[in-house]
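Quick notes on the structure that follows.
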Amino acid sequence: MLDLIQTRRDLHQIPEIGLEEFKTQAYLLDVIEKLTTGKDFVQIRTWRTGILVYLQGSQPERTIGWRTDIDGLPIVEQTGLPFASQHQGRMHACGHDFHMTIALGCLERALEEQPKNNLLFLFQPAEENEAGGMLMYEAGAFGDWLPDQFYGLHVRPDLKVGQIATNTHTLFAGTCEVKIRFKGKGGHAAFPHEANDALVAASYFVTQVQSVVSRNVNPIEGAVVTFGVFQAGTTNNVITDTAFLHGTIRALTQDMSLLVQKRVKTVAEGIAAAFDMEVEVELKQGGYLPVENNPALARELMDFFDEKDGIELIDIEPAMTGEDFGYLLSKVDGVMFWLGIDSPYALHHPQMSPKEEVLAIGVAAVSSFLKKKAAE
């Protein structure tokens, strides 16, 4: 039987950035091959650093998918754990080591007997940086294994062990990276009339773009426009010719995201025109669409977990954080949910360390749900 805690600790020590998960893939394949030995109803495919494990059903009417992400983050770990990251500047600070371990535990249980319906276990790379789910879908990696229903989870530090939270609508926001560069004309600070100050134009933009959320977004729906980077100039007495802004747009529906993207671009272009300078606007959403749960499937999942001993189900509000599972759920009906890990430190924090008793709880809960779906 799979040692869940040791498996998680092994994976925790080898975090890798998206599409560079070579050690992670090798480790997963080794475990998967041992688990599936002698199981003639199992097929395995790889796509770059991703893995697909397909269990052929005995009398299949549909394919049920379970997805886990496998990549780490460019963070220096500060947990002090004896099994801390062995990769300098890399850490499983978003719980993907937990996600993988739970998926392996569920795979082990699913292999106990051939399911009635097909099951697909997806070990997806590059959730954090390249929207690996979108890359795999667009590359045709699923082929005829594309699920009819897709499910997945994400650990959540502020929920207690034994708590599962989701809803029947949107769980995560869609996110869009924004890069804006104003291009004016540099000059000496003493002669501003001979220059065209990109810093001033960019400052006007930062102020004016705040009106996008306050005046273009329905307050009931909500959206976020945040710029965390503003770079301009190198010395105090020189007017800079360029100013660079780097930010994010977040919205709970794709229509709202597209509206906000359009307005941000329009405001930037309007400011540039007013200051008689050029502007470059780069909007990159890619596969980071809102994670929209299918209402009927979400209700089914919530009712199932609500009746499970040891599980406290929470109907939770959407989060403005992003998750690339939204892309796959835009193609296939499905559900994502939160799994409580009771950590005082947030996701992406260098000291984030979930409680390991969650592993057995997660495997028991998810595997029982997948068993039900596979038998329908």
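Quick reminder: no glycine exception, Cβ is built from N, Cα and C everywhere.
Features of the protein shown, as given by Swiss-Prot:
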type	residues	note
ACT_SITE	Asp69	active site
ACT_SITE	Glu128	active site, proton acceptor
Where does Glu128 (active site, proton acceptor) sit in the DSSP three-state scheme? coil
Does DSSP put the residue listed as 'active site' in a helix, in a strand, or in coil? strand
Near the Cβ of Glu128 (active site, proton acceptor), how many other Cβ atoms are there if near means within 10 Å? 21
